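So that you can see what the record holds, here are the features copied from Swiss-Prot:
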REGION    1-70  region 'Disordered'
MOTIF     118-126  motif '9aaTAD'
REGION    167-223  region 'Disordered'
COMPBIAS  173-186  compositional bias 'Low complexity'
ZN_FING   254-278  zinc finger
ZN_FING   284-308  zinc finger
ZN_FING   314-336  zinc finger
COMPBIAS  333-343  compositional bias 'Basic and acidic residues'
REGION    333-376  region 'Disordered'
Amino acid sequence: MLTAVCGSLGSQHTEAPHASPPRLDLQPLQTYQGHTSPEAGDYPSPLQPGELQSLPLGPEVDFSQGYELPGASSRVTCEDLESDSPLAPGPFSKLLQPDMSHHYESWFRPTHPGAEDGSWWDLHPGTSWMDLPHTQGALTSPGHPGALQAGLGGYVGDHQLCAPPPHPHAHHLLPAAGGQHLLGPPDGAKALEVAAPESQGLDSSLDGAARPKGSRRSVPRSSGQTVCRCPNCLEAERLGAPCGPDGGKKKHLHNCHIPGCGKAYAKTSHLKAHLRWHSGDRPFVCNWLFCGKRFTRSDELQRHLQTHTGTKKFPCAVCSRVFMRSDHLAKHMKTHEGAKEEAAGAASGEGKAGGAVEPPGGKGKREAEGSVAPSN
């Protein structure tokens with residue numbers, strides 16, 4: 001068919017060398033529809049709209065007469081068509097991508113051919129993104145191996161976020177001198193270093209809680225702690241006597257300010273518990289199931305909890321009784337000591353009674369009563 005067309009064109013060229021071609025009814029080319037993969041979309045034509053209208057590709061082209069391209073300096077002959085090879089530039093090369101060497105080659109080509117011996121990622125000093133080789137097909141579609149790279153080429157990556165391993169070309173990724181590096185100590189480490197002396201001070205204050213009982217109050221009371229406002233403390237503060245109202249070494253007592261009470265305690269905690277008894281406040285609640293009883297003092301709550309658990313760890317060495325609290329056992333031991341004193345006093349009283357002189361006439365009276373004979 002190509003030979004017949006060439007023959008007809010050659011005969012027309014010899015007969016009418018200066019015949020003008022008829023006006024062609026041209027239609028603009030449609031956009032290229034990719035058929036290599038179902039995921040491929042519409043891709044625009046590489047030609048401009050003006051060039052599309054100037055191409056002689058209409059459906060009613062008559063090859064019986066010679067024709068020439070608008071704007072071309074020479075006519076197109078059969079020899080020109082035959083001489084156009086897939087690799088030689090010709091009038092149809094405008095329809096192809098500049099990088100394409102064949103008419104039916106894919107519209108997308110890999111921009112960087114992959115190396116077989118390269119790693120799965122490669123850093124280039126002149127680029128701003130990591131170029132993925134095409135040997136790994138996990139991130140590229142089979143129909144368009146370079147589609148992903150064409151989309152990633154316009155982005156500007158942050159190399160500090162990528163954090164690649166040491167690379168001979170990765171020296172440009174390091175920040176300039178004076179900048180903050182990701183591998184440097186964060187601000188949180190500095191905050192921890194600042195907070196270290198505070199934690200040491202807290203540990204030293206906690207160690208003070210484990211000191212002996214006599215050395216706890218060697219340090220004067222700080223301003224943040226509450227001061228007892230009982231009448232005795234107020235009087236001592238007014239007189240300026242630290243040990244007591246009389247200024248001696250007598251133990252200072254904290255008395256109740258309620259009129260008519262007058263109870264005094266050696267510890268402020270005991271006075272506060274006593275004042276809660278006056279006010280009716282019971283802040284200590286039993287959390288046992290279905291109990292919910294409230295108490296004024298914490299030791300009362302602990303004693304109540306032992307009734308739930310049934311634990312009694314203070315047995316009496318004299319009798320078989322067991323107590324929940326040591327003070328209860330000490331009070332119980334006093335009963336045993338009192339019983340011993342009573343027994344000792346009773347024994348001494350019996351001894352005194354045995355050595356005493358009997359009243360006169362007593363023995364004779366018994367003998368008289370015993371010697372009386374029964375009457376008939």
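Every residue, even glycine, has its Cβ placed from backbone N, Cα and C.
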Segment confidence, the motif '9aaTAD' (118-126), expressed as mean pLDDT: 51
Write out how many residues of the zinc finger (254-278) are helix, how many strand and how many coil, based on DSSP. 11 helix, 4 strand, 10 coil
